[in-house]
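Copied over from TrEMBL, here are the features:
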| type | residues | note |
| --- | --- | --- |
| COMPBIAS | 499-509 | compositional bias 'Low complexity' |
| COMPBIAS | 510-534 | compositional bias 'Pro residues' |
| DOMAIN | 36-133 | domain 'Ig-like' |
| DOMAIN | 138-235 | domain 'Fibronectin type-III' |
| DOMAIN | 240-341 | domain 'Fibronectin type-III' |
| DOMAIN | 392-488 | domain 'Fibronectin type-III' |
| REGION | 491-538 | region 'Disordered' |
| SIGNAL | 1-28 | signal peptide |
| TRANSMEM | 550-570 | transmembrane segment |
Amino acid sequence: MVELGIRHLPLCCSLLLGFLLVLGCVVTEGIIATVGTDATLLCNYDAKYYGKLPVCWGRGAIPNSGCANEVIKSDGTSVVHRLTERYLLMGNLGEGDVSLTIRQVQESDSGTYGCRVDIPGWFNDHKHQVTLTVVAVRPDPLMVQTREVKERSVTIRWSPVFDGGRPITSYMVDLKNKQTSWDTGVRTEISNPEVTQVTLVDLRPAKSYNIRMFVVNSIGMSEASNVLTITTKEAAPEGPPLDMRMEALTSHSIKVTWKPPSADLRNGVLQSYSVSYREYDPAGRQFKRWQHQSVTATRELESLILGNLKPSTKYGILIQAKTKAGIGPASTAPLCTTLDEVQTTSEVVTVTPTSTDTTMQRQDTSSFTTAVESVTDAIDWEQSTTSFTSVPPDPPVVELKEVIDTSISLCWTPGFEGYSPITGYYLEYKALNASWDYTKAVIDFSPNQTEATIIEINPSIYNIRMFAKNSLGTSKASNILTITTGRTGHQNIDSATTVSSDPVSSDPVSPDPLSPDPVSPDPLSPDPLSPDPVSPDAAAIVNGSHNGHLAAIVMPVVLVVLIVATVTTWRIRRVRRKEGSLSLWVSNGPLRFRGSESLQEL
């Protein structure tokens, strides 16, 4: 018996080894999924033969019993336990489909998963093992929307998108002219991934642009977003009419011809021209108020015959182009003298003032002129009203967060509301050497916004300041930031013209009033017809003995202004002591002189 047992020992060992091999046999497969998708790990058994059986899924190698790190379990009919809602058994349990579906997989879901079907009997369990590999991808493309379009800026916004499994590191903004290819565009990087809105500034008025965006993570760059096509709003022309010429036809008429401003300075569709003219004395000094005529813009060479003029008289003429947005700078030419009158009879001219403008047409024959003239349409000075209200808000405090190439990140801290909630903010910016009167753009922000990202298309050095608004008015200007953009350099698109506040550079001609035929009608620069306010630093250039004459005129005016200001301040302080806060308002906002010519004539 012992010999028989020893003789069959190798056979028993072989059977035991085979049994152990069968017991440890596990079917293994691998699948690859991308972040954000649903991954299904297959596992099936013969439910028709065995009936509905319990099943479990776990992470890691399948142990001798049960499931390690169990993520989901079923009793054969329904799920009785799951780790999170992302783990689902979406197959038909009645047919033995116990495949595991993981919703929106992440890179952390990578690893080995084991399926165990509890089949009755020793060592009968069905085991299936799956290796899941989840890989990150590029972010999804953005859907970009236009928020606001102005003359020189556009604000765009977007909603967050799927990051591809890796954090978004930056955004790319492409801008180009509509008629050109993307190869000629400007690309700007936004390094703050939390930004969902950006303003592109320094665009050209009445121009069409294309804008697109990209999202970047550590894997790569997304596909391009939808392409926005925007057309900036029109603005007042930046250039004067060209090639202005004057010719005396008769003793009572002058013909004026001119061409439109340069195409890149029109800033829109030209609607009309304003032609202003007036008389000058033999020494070249003006002494009549401006008269105006309007000419519809129809062709590339415009002309107008001015009639009912005086013989042997010098006339100065200015021409300005108009768009729907406003009027541009004036084109000037040397004074033109009408022809001599052939008849020897004298002519008596009677000036009858109208009822609507008697004070402006009253003539003073003395050397001291007291009429204040305006080249543009007569200003309607509305009667000031007195109201007792609270004060406007305090200005915000602006801080610079960072400047990366042409991308500027700002934040601001609101000031005192002024007893009325702040309804919004607006930002002004200009070139470093320009005047605030020539502000290039105004960007509006909501009352809840305290930070913004701005993309400067044409790199330069800029000043930036902000204002707060509420129902009572607008705050004073905030602190001024000086910012330099684009140190690495970028290709420019439609480079904008910066208007200088230098009075010398803005004055095209400096006439000699003592010359018998001056080169220019009068010291009009900065141009009194310009729609923009004249810089406080602007001054007319006068030569020779005319300086003394100008001083004699200006000094009494300065004294009168100082006296009026002193009396007004004293009266306001008295009212404030009695009633509290006094505010003077005009329905069209604060009043200011436009141009310097009126001040010269006082």
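Here the Cβ of each residue, glycine as well, is placed from N, Cα and C on the backbone.
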Number of helical, extended and coil residues in the domain 'Fibronectin type-III' (138-235), per DSSP: 3 helix, 44 strand, 51 coil
Helix, strand and coil counts within the domain 'Fibronectin type-III' (240-341) (DSSP): 3 helix, 56 strand, 43 coil
Confidence summary for the domain 'Fibronectin type-III' (138-235), mean pLDDT rounded: 94
DSSP-derived helix, strand and coil totals, residue by residue, for the domain 'Fibronectin type-III' (392-488): 3 helix, 52 strand, 42 coil
Counts of helix, strand and coil residues, the domain 'Ig-like' (36-133), according to DSSP: 10 helix, 39 strand, 49 coil
